[in-house]
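Visitor: Before I ask anything, let me first share the structure, which is written out below as structure tokens.
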Amino acid sequence: MASYKFKTQNSFPLLLSISFFFLLLLNKVNSTGSLSFSFPKFAPNQPYLIFQRDALVTSTGVLQLTNVVNGVPPRRSIGRALYAAPFQIWDNTTGNVASFVTSFSFIIQAPNPATTADGLAFFLAPVDTQPGDLGGMLGIFKDGSYNKSNQIVAVEFDTFSNIHFDPKGRHMGINVNSIVSVKTVPWNWTNGEVANVFISYEASTKSLNASLVYPSLETSFIIHAIVDVKDVLPEWVRFGFSATTGIDTGYVQTNDVLSWSFESNLPGGNSVASVKNAGLSTYAA
């Protein structure tokens, strides 16, 4: 089975072991093209991020993707935050493709847990990417149709089931050029709980994997799909987060990212600037 959920006391240590092993593999690759950064928390006016629409960093160091007004999330909010430097996902000269790992923690909280909308996603898109539509489009896509020219890959954490393009119930999904996911797995969202996410892409197998863990609940959700990023994405991309609240009254939630790290290697690629420790130091990879 390509995607599944499991609940076990040993699941979180297992996922950490897998993550550590994959990071070791990345570090052993003989590569001149790499990108690495770590934001244990965020800083207001963060210079290494591009903010679009409603996204901002709060005074407490939280990346708040959608609006909160007087403590309440409003409807029809959309926000995105992208890593500022373009990222070379594949090399047109050599044909090599980058492997990468990214991890982040987020909280989604709703005033009414029965009426959540719409969701949060991690995505890769063309360098000049601009916000998509509200609501169910998650700020990434313009409409529900498949379009190869979108050149987008996303992992979504969807809290509202749109009858036209979603499975029934809250879910995680992998999206390729469409809001209609190529793979989904049911997701038991928990109101106000910290979720830890680990996403990896292995270039040699074209394997995109994502796991979400609620440490306090010892519950995990895992999804996997084969995605040829060289066929889907342009050579250079930007990547980051997008989130939306619902269109209808009452269908709202917060979409807050607490921390974020990323590491990649592209054999024979170009060197790019990287940051560590929330921008306190920079280096050329």
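Glycine too: its Cβ is placed from the backbone N, Cα and C atoms.
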Visitor: Can you dig through Swiss-Prot and tell me which residue of ASN30, ASN209 is labelled N-linked glycosylation site?
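Guide: So the answer, going by Swiss-Prot, is ASN209.
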Visitor: Which number gives the other C-beta atoms within 10 angstroms of the C-beta of ASN209 (N-linked glycosylation site), all protein chains shown included?
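Guide: There are 21 of them.
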Visitor: Would you please pick out, from the binding-site residues GLU156, ASP166, the one with the fewest other Cβ atoms within 10 Å of its Cβ?
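Guide: Ranked by other Cβ atoms within 10 Å, the binding-site residues GLU156, ASP166 bottom out at ASP166.
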Visitor: When DSSP states are folded down to helix, strand and coil, where does HIS171 (Mn(2+) binding site) land?
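Guide: It is in a strand.
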